[in-house]
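Trainee: For reference, the structure I am asking about is given below.
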Amino acid sequence: MEIRCAVQPYAWGKLGYTSEVALLQECAHPDFCIEETKPYAELWMGAHTSAPSLIKGSNEKLSEWISKNPGVLGEKVRSKFGDELPFLFKVLSVNKALSIQAHPNKEHAEKLHRERPDIYKDPNHKPELAIALTPFEALCGFRPIQQIKGFLDRIPELRTIIGEAASNLQASDEAGIQSALRECFQALMTCPAEIIQEQLSLLVERHSTLDESSRSLEHASLIAKLTSEFPGDVGCFCVYFLNYLILKPGEALYLGPNEPHAYLSGDCVECMACSDNVVRAGLTPKYIDVNTLCSMLTYNCEEADQKRFQPVALDTYTQLFSPPVPDFAVAKIEIPAETSSYDIGPRSSASILLAVSGSGCAQHQVKRGSVLFIPANAVFTISTIGSQETLLLFQAMANL
């Protein structure tokens, strides 16, 4: 069953024809008109109440159709999550950095929703999986502690902001590292705005005097990008606390509860629990909740390469990204041109299938931009006879 999905024009999205979101939507729906100066940030595929997908032809909301036909979800999904699709599937096209943020665990989400339902609008957790479609830049998780200490030694502007907490971190033993790191990060995030603005200006000015090697060591180009997008923002200094990654197409990040992160640029597919709970504290004009963010973070330090989430091969054509939560998993499927027949499924969960490139023939024609809803336990057989390129598909489903 083909579905038509909502496009979100958030200000941080890529503009016009540079946006993968816009291009996918145009390929699937020729009546969709791309405007050169308009941002196209997210494509939402699923049944979330904020932007539910519609069944092509009838324009019935997918959520309403599922409520009338709950058996399509699969017995395991209904037993675990009730008669609702437990995941939200997206494509993101990022031009400007998204906020420094983290997502609460289930218990904390319920508490935040109970206490401040105007800000935290649902009681669900929001673990996320992002798989790069183009080179994709992100900040994710705390750097190894020696790297953070090195930046505190090297960068006087950062030391000025952190103050005494920097000395405490340098002197801490293994047992006290997490506590000292939390103190440092909180000192940064709660520093008065005028001091942040002053020190950030000094940092950018000093970077202009450095040679290329020194600029690279201090991530000067990244700092320049972030300060141009968010002048004087405390989030710019988070570069020195969080791992900086550039994912290659096909590489992935899994973001569990309480993991600090920010997407910076590029295109990706993303899958998450069906929630919109975000705790923000920088690089955003939206509401920030510094105390909540600083109190909930993990403060676990890891190498950047450890943040890459690895798939497992299901067969010659399919890799499965299976995070440690029941809400979702994503299969990446690459079917070579001139393949006579390949069976996708059956899956124990209802799923959503997105075609990113190539074409194929099945019960429906599948082409770039096609989005299909597939009931649980159905087999979707596809052929790429006559196609000149590999058919690249991503399939989101519950992880049961």
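Heads up, the Cβ atoms here are built off N, Cα and C, so glycines get one too.
Take a look at what TrEMBL says about it:
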- 2-144: domain 'Phosphomannose isomerase type I catalytic' (DOMAIN)
- Q101, H103, E128, H261: Zn(2+) binding site (BINDING)
- 169-242: domain 'Phosphomannose isomerase type I helical insertion' (DOMAIN)
- R280: active site (ACT_SITE)
Trainee: Where does the mean pLDDT land for the domain 'Phosphomannose isomerase type I catalytic' (2-144)?
Mentor: 93
Trainee: Restricting to the same chain and to sequence separations of six or more, state which residues have a Cβ under 8 Å from that of H103 (Zn(2+) binding site).
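Mentor: Result: A109, H125, K126, P127, E128, L255, P257, N258, E259, S275, N277, V278, V279.
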Trainee: Can you name every residue in this chain, apart from Q101, H103, E128, H261, with its Cβ inside 8 Å of the center of the Cβ atoms of the recorded Zn(2+) site?
Mentor: A102, K126, L255, E259, P260, V278
Trainee: Using DSSP, break the domain 'Phosphomannose isomerase type I helical insertion' (169-242) down into helix, strand and coil residues and give each count.
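Mentor: Here the numbers are 57 helix, 1 strand, 16 coil.
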Trainee: 10 Å Cβ neighbour count around Q101 (Zn(2+) binding site)?
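Mentor: Total other Cβ atoms inside 10 Å, all chains included: 24.
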